[in-house]
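In what follows, a structure is listed as structure tokens, so that the remarks can point back to it.
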Amino acid sequence: MSTANGSSPTRISILGEESIIVDYGLWLNYVTHDLLNNIPSSTYVLITDTNLHSLYVPQFETAFTSASAAATSNSSATPPPPRAPRLLTYAIPPGEGSKSRDTKAEIEDWLLEQQCTRDTVIIALGGGVIGDMIGYVAATFMRGVRFVQVPTTLLAMVDSSIGGKTAIDTPMGKNLVGAFWQPRRIYIDLAFLNTLPAREFINGMAEVIKTAAIWDAEEFSALEQNAPAILSAVRTPASAAADPNARLLPISDILKRIVLGSARVKAHIVSADEKEGGLRNLLNFGHSIGHAFEAILTPQVLHGEAVAVGMVKEAELARHLGILRPAAVARLVKCIASYDLPISLEDKRLVRMTGGKSCPVDIVLAKMAVDKKNEGKQKKIVLLSAIGKTHEPKASSVDDRAIRVVLSAAVRVQPGVRPGLKVDVTPPGSKSISNRALILAALGKGPCRIKNLLHSDDTEHMLNAIGKLRGASFSWEDDGEILVVEGRGGQLFAPSEGELYLGNAGTASRFLTTVAALCSPSSDGDATSTVLTGNARMKLRPIGALVDALRSNGINIEYMGKESSLPIRVDAAGGFGGGVIELAATVSSQYVSSLLMAAPYAKEPVTLRLVGGKPISQPYIDMTIAMMRSFGIDVQRSTTEADTYHIPQGIYTNPAEYTVESDASSATYPLAVAAITGTTCTIPNIGSASLQGDARFAVEVLRPMGCTVEQSASSTTVTGPPLGQLKGIPHVDMEPMTDAFLTASVLAAVASGTTQITGIANQRVKECNRIKAMKDQLAKFGVHCNELDDGIEVTGNSWTELTEPREIYCYDDHRVAMSFSVLSVISPHPVLILERECTGKTWPGWWDVLSGVFGVAMDGEEPLSHSTVTGSGPNNRSVFVIGMRGAGKSTAGKWMASTLGRTFMDLDTELERRHNTTIPDMVKSEVGWEGFRKFEVELLREMMETKPEGYIFSCGGGIVETPEAREALISYCRAGGAVLLVHRDTTHVLEYLNRDKSRPAWSEEIEKVYIRRKPWYQECSNFEYHSPHLGVEESAVEMPVDFARFVSLICGKSSHLREVKAKPHSFFVSLTVPNITAHTATIPKAVVGSDAVELRVDLLQDHSPEFVVRQVALLRSLCKMPIIFTVRTVSQGGRFPDADHAGALALYRVALRMGVEYVDVEMTMPEDVIETVTKAKGYTSIIASHHDPKGTLSWRNGAWMQYYNKALHYGDVIKLVGWCRTDEDNFSLLTFKTRMLAAHESTPIIALNMGEQGKLSRVLNGFMTPVTHAALPAAAAPGQLTAAEIRQALSLLSKIPKRKFYLFGKPISKSRSPILHNTLFQQTGLPHTYSRLETDKVAEVETTIRASDFGGASVTIPLKLDIMPMLDEITDAAKTIGAVNTIIPVPVQAGKQRLRGDNTDWCGMVHSLRMAGVTGKRACPASGVVVGSGGTTRAAIFALHSLGFSPIYIIARNATSVETIASSFPAEYDIRNLQGTLAYTEGMARPEVVISTIPATGDVDEGILMAVDSVLTLPMGTSNTGAARVLLEMAYTPTFTNMMARAKDAGWGTVPGFEVLAAQGWFQFQLWTDIKPVYSTASSIVMNGTSDSS
């Protein structure tokens, strides 16, 4: 039988049967006939997943029906054949979540319902999940029925479908319950791969690489060579091909080869060892560790991705054990990476997909302990001995200690080296020479076989980058020991896709910057530039001098982030101009080498002139010139000009072979181990003839320190002095070997005397500030160092007196790590060195050498902390405020500076100070507008460079008029800085500008100016504050709460998400209003009891960004709580058009600019939209959501997993909303949520069901439940409840325990506190009660406050002082006031609680005064007055001080009491006893607030009344005009007192005592419940005196 192309398929024998059938087009043209003719049955059951069902099942049903009918009609049998066989189909949700006991049972029950019998044939159509699980169903159903595999993924084709392993997953791990059950057929139809997503295809390549790595070196080489072609085809979008099914046509032969190759190997091994007795273990290479990773990270990480990382770790383990050569490890890693598979758990994609979930080593080892290959407790791992070969023909026994070292992020080095040890160590190839050799060979013509190339992160980045630029092709020989580079003579092209990511490879970044300038645009014209970028540290390292030199030679280079650092965009100009190039070479010699190596390809011969002082690291420049000569270009050093070089034009001629000398910097570490331990070490291939300056280390550093040094032209041997007898060097200039200073420093730490090292200033701008790093980390050993301008001074200690460091931090710097490993071998104590793997930059196998060659014992360890370094971090970056003049920039800037504790600077004011003139006069002078703008830009750039942290700068309104200023601001945003646009309504701006004479007059209409500047303001800023607060009289305005919240968010100081995660129940109210403006009275009531408010943008009447900005600003000012910004599409249950992705993205950008706390992003949005939002989110939290309003997804199976996984990838919070039809749906949801939280506890989940029957899920959700409110026009979703309703339900379920609250004191019978709190409890749905406990004896309340159901208490006279000793803690406010009026139980552990005493009397006073117009900020100083000296007086003083009033006068009869009170407060309160009347004096702070604390009934002392009258009648000063003057009466009855009447007659405002009662109770309620009612509600309850409803 033939396939679609007319050819016969390829058959592979397994277990004596040719049951594996491979070709294109089998599914519709071959499978049905083969089944009917060779595996007959009355019932065929096709089981697949819901993703594949619609794609492949209908067509197969048609083909099956036709073939079955034809077979029946063509039969001539007598009697006639039975009726045609039936074909049943069943679909399950896709993903690893379906590979479970529940799904298996569901399928089995369905098979029984369909009356399937033992002759049934099951067809498993799908990937590994389907094949594994359906195979297990077949193995157990009716005690075993026949089944066939139809793998649709590459991984299933080459691995899981072959061999008869079937299984399901359990909580303990993958595939732990299953059976060996061989399929009767395995139909491998390669056409399925055309529709396989790229990630799934790449996932399968891990198994292909694995098979070649253990079995076939030739096939492995083919995989290396074919990686670019395979990836290119796989990543071609289906839409880009004329026929989507032809996407992989260019690699069809390659595909068939790799599938056949892998399938044949597996079939051979299975045939020899079906039940995994030994040989079949080899197929588990990478799986022992990989399966453990997968068990922890499933289902977010795919099997092949976990195995890829597992292969790397198991290869590193083989290297650590001395079995596998480092070059083979490097080759395997490069091959895996070339297929875009992860090679580390730190891979950014894995981190994002798993929500940053870690794989603790202890858990990984525990997962590995249940591996089926193990024998008892002995772990068995497949160890490679070479590419294509294993150490044993089975898995090998490996101790946990060795595994732990390889898995751990840190290593604890145990001191001790065997006395008399003599070793030979060959370090890896020189990093400097390796990188130069790669550049030269790629730019050269013809093949070049490079030997001893360094296999490290740096060279990997270089190789990958050259490959992307199509500068050369690469292949490996001699098991990865030789790299063959086929250079293309300088023909390079800008990369068509992606940027050049260089990690922290500084050498590569400098060299490739100039190489990128040689690139031409890509052949398709799509790529006209090259972007070079790196990790966070790389983005701080300098490259400015090199960029300046290239720019001066005609190359356009753009900084995409921080000025003078990566990332940069280099135009593909096809080469730079040449001629004379001047370069500052005092920072890095790599700048010089970069230009030297690329110079032959310039458009004219180059003369390179080094300026600015003596070039740094001259030996490295000499090395570059010597190597260029080896490749056929002879550089001439000028004989007439200092530091000048002449480079001819030409093309490098590649030598047939080039051997990279071992790295002399790396060689210093084994030599230093010998030196510090008194042993002997020989480096056989570095001597006096070396090109490298560091080769002088042994002679110029170690010999003076007391070592015996023997050095020939090609080798170096060092023998250290007896232990503890190293001698310090008074001074050594290490400028020729700067990288080696770290090694010298650790030796100096245990040498006698003081060693001074100079000439190493460039080491401050390497991977870290190495000089400071050595000083700080040596201090942990008790070694004292001094930093010098260009070096370090180390005072040695005896090695026996070294202190034990808690840990050594390595700054992600390989040389720091290796240097401290040297010191660790003689430390009196074991030393924990963090960031073990950073040595991979130059010597990936260093720890293996230290362990295997020097015999140093070490243990892998997971540190408790990841860093001991502290810094200001990005949160302290200076902020630039821009906007129109009069928009409130200075006010907002001062607010920011105040709340963040930073320095405010107005750049216009600073410019006037520097030029000693006003801006209007400057513009009128010969300087003019042009000169002013020039000064303005210069000042802006200076502030960005010299004050990058700790400042808030207010810029002039016209700063954006200058292109250079706009470029600087845009660059600042890109580099992670904050530029804030402040805006308010234009009418307010006009009002201000019409009377502002401090700036030049407008020469055109203001609105025209704003319209012109508006797009510039937008592009120059990344945050925007639209203010309803910034009035004309800005100096008198206090910072609004919403602005403080905004600033907290954009500067990374918001803690809201952390706070709500800690709460047992939290809510957000969903607004369903078309315009916030029309509901300003409703919204404050609707948000009560919620922790956030959701703005349903899709429900607004206008979706324009301008309208939405105003809506967000108004909502933020109204409700003063975090905002959830939601654009819900139609298909997700909202009203925003599904197809308007651009509109949705524009709105998301509005949200991020406005610094909202949460943005809801639907997971059905296109990937590019989601990626754009998540990359730009800053400190905004993403709620990754998916809604199923049609109820098509079930919580019982794995249907929700694909959405959960995607949400976990992108979200800080996950929101999944289904539909409920039965109560069971709610319980299934709860089970799903519990399981997901157990797997990823750091990522909270909102999971609930819509519909009436889904209300229970809302009650039980717990975290951030969406709610409605009676005041809103409609609920946002079917079944949505109010927060109060949910609390009522929770109390019925005992999820909110009923608490008892009290009022303590005497007399209290007339107190209105019970009605206040009981009403508020009822309104918010809380089950609590508040009652009076009248007593004047504090002992009578002790049992009550320690009861388990005690919820809190109000305390009044006479117990406010007596209660304090009975409490566990007192707030600072209550301590200062000296009285407690509120008791708050604070949970601590397991039902226990501490009692905290607080005082809300002063809070009530402050709130009442603010409501009356009093602010804490005023135009000029003002004083306050307290009448009386009783218990309330102290709270009144505290309240006035908190509002900034000073001095504070006390009017009272008893002078002694006043003195006592005054002396008990800090002097800064400035409390004065007012005797008699208060007379006006020049410059005095006039009183603006009087608080009366004396009884309102009975006679008041005449002296007090006279003093009060003198205060009330004191004339208001001109500067105080407009300030509120208020008397606050603390007495409750009568409602209008004599004191209030006097104040009113004097023109003062008054506040009755009941307001304070209501306010202090309002604050108490918030402290007890964390719910903030509308104040007017509390006030109304108290004022109206409604009867107690309880």
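Even glycines carry a Cβ here, placed using N, Cα and C.
Residues annotated as active site, proton acceptor in Swiss-Prot, with sequence analysis given as evidence: E276 (among others). All chains included, 19 other C-beta atoms sit within 10 angstroms of the C-beta of E276 (active site, proton acceptor).
Under the heading active site, proton acceptor, Swiss-Prot lists H291 (among others), citing sequence analysis as support. For H291 (active site, proton acceptor), the same-chain residues that are 6 or more apart in sequence and have a Cβ closer than 8 Å to its Cβ are G173, K174, N175, A306, V307, G310, K367, M368, D371.
Applying an 8 A CB threshold to same-chain residues 6+ apart, the list for H1187 (active site, proton acceptor) reads R1128, Q1132, G1133, E1162, V1217, M1250. Here Swiss-Prot flags H1187 (among others) as active site, proton acceptor, drawing on sequence analysis.
If you look up Swiss-Prot, you'll see 49-51, 96-99, 127-129, D132, 152-153, K174, 192-195, N203 marked as NAD(+) binding site, on the strength of sequence analysis. T153 (NAD(+) binding site) carries neither a helix nor a strand DSSP state and counts as coil. When Cβ atoms from all protein chains are considered, those within 10 Å of T153 (NAD(+) binding site) total 27, not counting its own.
The annotation 7-phospho-2-dehydro-3-deoxy-D-arabino-heptonate binding site is assigned in Swiss-Prot to R143, D159, K165, N175, 207-210, K266, 280-284, H287, H303, K372. Taking Cβ-Cβ distances under 8 Å and a sequence gap of 6 or more within the same chain, the neighbours of I209 (7-phospho-2-dehydro-3-deoxy-D-arabino-heptonate binding site) are F220, L223, A308, M311, L332, C335, I336, Y339, L341.
What Swiss-Prot lists as Zn(2+) binding site is E207, H287, H303. Here H303 (7-phospho-2-dehydro-3-deoxy-D-arabino-heptonate binding site) comes close to G128, L155, N203, A206, E294: these same-chain residues lie at least six apart in sequence, with C-beta atoms under 8 angstroms from its C-beta.
Feature annotation from Swiss-Prot assigns region '3-dehydroquinate synthase' to 1-400.
The feature region 'EPSP synthase' is assigned by Swiss-Prot to 413-856.
Taken from Swiss-Prot, the feature region 'Shikimate kinase' applies to 876-1070.
In the predicted model, the region '3-dehydroquinase' (1071-1285) has a mean pLDDT of 95. The region '3-dehydroquinase' feature in Swiss-Prot is assigned to 1071-1285.
What Swiss-Prot lists as region 'Shikimate dehydrogenase' is 1298-1590.
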Candidates V129, L193: member of the binding-site residues with the richest Cβ shell (10 Å): V129
Least buried by Cβ count (within 10 Å) of the binding-site residues D49, E207: D49
The one of N175, N203 whose CB sees the fewest other CB atoms within 10 Å, among these binding-site residues: N175
Number of Cβ atoms other than its own within 10 Å, given for R280 (7-phospho-2-dehydro-3-deoxy-D-arabino-heptonate binding site): 21
Other CB atoms within 10 A, centred on K99 (NAD(+) binding site): 25
E207 (Zn(2+) binding site) to L283 (7-phospho-2-dehydro-3-deoxy-D-arabino-heptonate binding site) - Cα separation in whole Å: 9
L283 (7-phospho-2-dehydro-3-deoxy-D-arabino-heptonate binding site) versus E276 (active site, proton acceptor) - Cα distance in angstrom: 10
Cβ neighbours within the same chain of R143 (7-phospho-2-dehydro-3-deoxy-D-arabino-heptonate binding site) - under 8 Å, at least six residues apart: R118
Other CB atoms, at most 10 A from the CB of E96 (NAD(+) binding site): 23
Which same-chain residues, if any, lie at least 6 apart from H287 (Zn(2+) binding site) yet have Cβ under 8 Å of it: V307, G310, V382
Neighbouring C-beta atoms (10 Å sphere around the C-beta of L283 (7-phospho-2-dehydro-3-deoxy-D-arabino-heptonate binding site)): 24
For D49 (NAD(+) binding site): DSSP state (helix, strand, coil): strand
Neighbours of E207, H287, H303 excl. site residues, C-beta within 8 Å of centre, Zn(2+): L155, D159, A206, K210, G286, G290, H291, G304, A306, V307, G310
Residue pair R280 (7-phospho-2-dehydro-3-deoxy-D-arabino-heptonate binding site), K99 (NAD(+) binding site) - Cα distance, angstrom, rounded: 23
For H1187 (active site, proton acceptor): DSSP state (helix, strand, coil): strand
